[in-house]
Amino acid sequence: MFRDRTNLFLSYRRTFPHNITFSSGKAPLGDDQDIEMGTYPMMNMSHDISARLTDERKNKHENHSDALPPIFIDIAQDVDDYLLEVRRLSEQLAKVYRKNSLPGFEDKSHDEALIEDLSFKVIQMLQKCYAVMKRLKTIYNSQFVDGKQLSREELIILDNLQKIYAEKIQTESNKFRVLQNNYLKFLNKDDLKPIRNKASAENTLLLDDEEEEAAREKREGLDIEDYSKRTLQRQQQLHDTSAEAYLRERDEEITQLARGVLEVSTIFREMQDLVVDQGTIVDRIDYNLENTVVELKSADKELNKATHYQKRTQKCKVILLLTLCVIALFFFVMLKPHGGGSGGRNNGSNKYNNDDNKTVNNSHDDGSNTHINDEESNLPSIVEVTESENDALDDLL
């Protein structure tokens, strides 16, 4: 029968790479399957694709087995199941609350028993959640799970899980508490209504029964002995009934007391979580204060260094200013023109020239005397320059 393989071929062509080089068929084909694969390249291609997909599945399975999540992830998932059950029970409890709050004359004892049962189950689920959180906290403190030490990344994940699930548990617990408070407010509205005393009602009924029985006995003319026996039997039955009712009431009170103790333990656990959260906040505040002290000390050191550098900068500026003043005064003194000194130098030079002219005609002794006279004439100008320099230095100081 003819089969259309066009769609299969197109799908293979779209998914398979186009740079595949097929064999030329020189290799010997041993069996019919090899002949078919050599004759039809797409069959060979499909075989390669299936082999490749099989290898990829094996690799994925191996990688998945190597990269399994930590065990505490499975432990924490139990909290999700418990919280889901708490939500379901809370919804049922809210429906029963609404039904019981409607006015009516039917007997609501069944609804009250159902309310107590659902409340007890919700508290049990919350207790299980707290037990799981306590186990996660123990794992986080010991940093070991099933003999294996947790890494830093796993500890961070575990810490985040604790915070997330603690918030979820607290949210569900608050919802349950709000439901109970609303129902208690509804019940407290009937506190001021007159309540009929059960004992008085029973006594009244008993008196009526006794009167009717006495009248009946009188009418029938029964003996006093039979009447006394029946009265004793009736009293014994009433005593047994009252004892059973008393025991039943005591049993209900004990059950309510146990549930109240369970609720109190739940409240204390919530208070423990609040204390732990407050301790964490206080630790963070203490850590931030310590960091602030360290940073303030480093800032104080930097300010002291800056003050020291500022003082040194001022000293350097003063020294530089004085140096510039000295240099300016030095150049001023060197470049200042002196009238008396220059005239003395000119006279001395003229005399020296005249003496040189005379040395041509006179002897060597006369020339030496003239030179001595020239030096003596230059002394006043040198003294004047020295006095001017001293005056400038005095002005600077």
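Cβ coordinates come from backbone N, Cα and C, glycine included.
Note that the structure is a prediction, hence the values are computed from the model and not measured.
Checking S109, S377, S381 against Swiss-Prot for the annotation phosphoserine singles out S109. Swiss-Prot lists coiled coil for one of the ranges 74-96, 120-142, 304-326, namely 74-96. Mean pLDDT for the topological domain 'Cytoplasmic' (1-317) in the predicted structure: 72.
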